[in-house]
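**Q** Quick one: structure below, then a few questions.
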Amino acid sequence: MKDTLPSATQVLKEAFDTLDSALENFSPVLAVQHVGWVEYIGKGIARVGGLPGVRCEELLAFPGGLLGLALDADEDQVGVVLFGDYTHLQAGDEVRRTGRVLDVPVGDGLIGRVVNPVGRCLDGGKPVAFQRQLPVERPAPPIMDRLPVTQPLMTGIKVIDALIPIGRGQRELILGDRQTGKTAIAIDAIINQRDQDVVCIYCAIGQRAASVAGVVTELRNCGALDYTIVVVAEGDAPPGLQYIAPYAATSMAEHFMEHGRDVLIVYDDLTRHARAYREISLLLRRPPGREAFPGDIFYVHSRLLERATHLNEPRGGGSLTALPIIETEAQNLSAYIPTNLISITDGQIYLSPELFQKGLLPSVDVGKSVSRVGGKTQLAAYRAVAGDLRLTYAQFEELEAFARFGTRLDEETRQVLHRGRRVRAILKQTQSSPRTAPQQVLVLHSLNSGVFDTVDEEALPAAEQAICAAVSEIPEIVDKILQGKTLSQEDLDVMHTVAKRVTRPFIKLGEEGHAGAAGDAT
């Protein structure tokens with residue numbers, strides 16, 4: 001026992017010496033923290049006092065790890081938008097400044113994942129592995145950092161690629177009433193990017209969870225989730241999350257664009273985004289304007305969509321193509337949000353409920369749809385085979401309206417109606433069945449050259465399928481189409497010959513001679 005006492009004493013002495021040394025070396029640093037308190041809690045917002053120096057759009061920390069975004073700064077209070085469950089908050093709770101703005105994770109680790117607007121995974125997988133973080137709000141690239149839109153972005157949808165072409169870096173609005181196929185067009189465009197080396201982002205704003213789950217399942221089944229990021233702010237999410245969702249998704253897209261990649265982003269939809277911002281503004285007691293929207297609603301959407309562009313080489317050379325979706329009411333295109341977005345974007349694709357009810361899918365109203373930029377990017381082969389298609393279709397629709405009155409029609413008018421019905425039938429396309437550019441060019445050339453004129457209407461889908469399969473027989477012409485080269489008359493003749501041969505089994509009885517005459521005349 002006596003032998004152990006010195007060792008115990010020695011241990012205690014060493015311990016106290018270590019503590020004394022630590023105390024001598026300890027030099028406390030004072031840290032100033034700006035602390036306020038909650039004065040009022042509303043639906044998704046809070047009013048905070050005691051923070052006179054807070055900056056606009058600064059993040060504030062609430063109890064329980066809840067974050068909020070400072071949007072309003074009055075003399076005595078700060079209006080804050082909350083980003084999570086706020087039911088545990090009460091008046092008097094402590095609020096701290098963070099000194100930073102809201103940012104989101106970006107990088108390849110997000111591809112194939114389903115996340116919320118702040119980057120938290122919603123698919124039950126591992127936490128997102130990210131390379132860096134970018135602010136949600138970023139200024140749009142200046143004019144001198146941009147390039148003209150010169151490369152096409154193929155959607156795989158015949159009526160769009162032929163009549164309303166979209167270029168990489170363009171902003172093309174998709175609008176229409178409820179249940180007219182707006183989301184279906186955007187999803188088909190994503191599916192068609194499978195082999196195009198394009199990163200896709202689908203941003204769901206205010207959608208039902210079941211609808212988003214259906215979209216994710218379709219993307220996964222088609223193999224499109226391998227190059228797609230899904231950003232979700234569900235309908236029951238706080239309005240603050242719905243408000244920042246498109247900005248967060250755009251920051252994720254800009255990371256790839258600045259690294260020289262092409263990106264396609266879909267905002268589904270900005271009508272719900274505008275309503276979420278209206279709700280926030282009314283709760284923050286901002287003065288309402290037209291349709292109760294705040295006065296800066298135009299700026300809210302313009303600063304978002306101006307971030308879509310084609311960058312020059314010093315900035316990375318990538319592109320960001322935006323497909324914003326909005327919902328109209330009773331086909332009213334002159335409402336506040338539709339007119340705002342039509343003026344901001346580079347064109348619009350209008351989906352008609354009347355065409356949808358007739359089963360003409362996609363229900364694109366060609367007369368009310370336009371692409372103000374994409375025409376310059378269209379492949380040369382399209383201009384050769386679909387140059388007059390828009391005019392032909394417009395004349396057909398006008399004549400069809402007059403023909404309903406039962407007047408006697410001359411032979412030329414009957415031929416226009418006959419060709420127009422086939423144009424309308426060929427432009428029909430089922431969902432999730434994109435066509436490649438060579439397939440579309442061969443089908444459209446066959447349409448213009450009269451190959452389909454003698455095919456029975458019921459057999460048109462089968463005849464079109466046969467023509468698409470025949471693309472493998474003309475590899476040299478396919479290469480020309482994909483390289484953007486102009487097709488020679490010899491190429492057109494070869495395409496016509498192939499189309500006539502593969503559609504011969506579908507020609508109506510007694511029309512053989514007429515088919516040959518029509519082809520020769522063309």
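For all residues, glycine too, the Cβ spot is worked out from N, Cα and C.
Quick paste of what Swiss-Prot says about this protein:
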| type | residues | note |
| --- | --- | --- |
| BINDING | G176, D177, R178, Q179, T180, G181, K182, T183 | ATP binding site |
| SITE | S369 | site 'Required for activity' |
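Give me the lay of the land around each of these features.
**A** Counting only same-chain residues six or more apart in sequence, the Cβ atoms lying under 8 angstroms from the Cβ of G176 (ATP binding site) belong to K182, E327, T328, Y350, L351, S352, P353, S363.
Counted within 10 Å of its Cβ, the other Cβ atoms near S369 (site 'Required for activity') come to 22, all protein chains included. S369 (site 'Required for activity') falls within neither a helix nor a strand when secondary structure is assigned with DSSP, and so counts as coil.
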**Q** Taking only same-chain residues 6+ apart in sequence, whose CB is under 8 Å from that of Q179 (ATP binding site), what do you get?
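**A** Residues satisfying the criterion: P353, F356.
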**Q** Identify which of the binding-site residues R178, K182 has its Cβ surrounded by the largest number of other Cβ atoms within 10 Å, counting every protein chain shown.
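**A** It comes out as K182.
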**Q** What whole-number Å value do you get for the CA-CA distance of T180 (ATP binding site) and S369 (site 'Required for activity')?
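**A** Checking the Cα atoms of T180 (ATP binding site) and S369 (site 'Required for activity') gives a distance of 15 Å.
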**Q** Rounded to an integer, what is the Cα-Cα distance in Å between S369 (site 'Required for activity') and T183 (ATP binding site)?
**A** 17
**Q** Counting Cβ atoms within 10 Å across all protein chains shown, which of the binding-site residues T180, T183 comes out on top?
**A** T180
**Q** Reduced to three states, what secondary structure does DSSP give R178 (ATP binding site)?
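**A** In the DSSP reduction, R178 (ATP binding site) maps to coil.
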**Q** Take the Cβ of D177 (ATP binding site) and count every other Cβ within 10 Å, whichever protein chain it belongs to.
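**A** A count of 18.
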**Q** If the ATP site is taken as the center of the Cβ atoms of G176, D177, R178, Q179, T180, G181, K182, T183, which further residues of that chain fall within 8 Å of it by their Cβ?
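**A** Neighbours found: E327, L351, P353, F356, S363.
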